[in-house]
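Worksheet for the structure shown next.
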Amino acid sequence: MASLFASLGRSLIKLLIVLPVIIGLSISSPAMAAQWDAETLTVPAGSGGQQVTFTESEIKSASKLFKSNCATCHNQGVTKTNQNVGLDLEALSLASPARDNVDGLVEFLKNPMSYDGEYSIADTHPGISSSDVYVQMRTLNDEDLRLIAGYILTAEKVQGDQWGGGKIYF
């Protein structure tokens, strides 16, 4: 009889350990799926109102590209060297020219310009045309840049104010 109670006790302990994990997975899965709906994955392609929809797979690849090429200075969409200029959609839309679209961001990554668009910052900001600053950027091709732009433009939709929101969210 004692061994029966010991066996039941071990089974109950195992169930109490596994059950919260199962419940947690069943609760979090729909939320994870919801963040990748078509609306979230659709962003402005250019300044003319055209739209482009990325796939979940493209954004996951883009996330890796961003983390390995951009996150050193732009972790969570904050600009380490100038926290007044983040990668949130509002800041991108107020840049000149606007960078709140794929074409605008790709052009910036190829030829970095000041926030007001007045002069090149290729000497201080990594980009395809940068000379000695973070030369790893020069290995990125147009498709890589397109994916990184898509990631930046979808990140705020997924992460909310934590993307580009500054250190109050960390």
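Just so it is clear, glycine is given a Cβ too, placed from its N, Cα and C backbone atoms.
Feature annotations, reproduced from Swiss-Prot:
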type	residues	note
BINDING	CYS70, CYS73, HIS74, HIS125	heme c binding site
SIGNAL	1-33	signal peptide
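Pairwise Cα distances among CYS70, CYS73, HIS74, HIS125, the recorded heme c-binding residues, top out at 12 Å.
The record gives CYS70, CYS73, HIS74, HIS125 for heme c. Within 8 Å of the mean position of their Cβ atoms, the other Cβ atoms in that chain belong to ALA71, THR72, THR79, LYS80, PRO126. HIS125 (heme c binding site) falls outside any helix or strand according to DSSP and counts as coil.
In sequence order, PHE66, LYS80, LEU87 are the residues near HIS74 (heme c binding site), counting only same-chain partners six or more apart with C-beta under 8 A.
A 10 Å cutoff on Cβ-Cβ distances gives CYS70 (heme c binding site) a total of 20 other Cβ atoms nearby, all chains included. Under the three-state DSSP scheme, CYS70 (heme c binding site) falls in the coil class.
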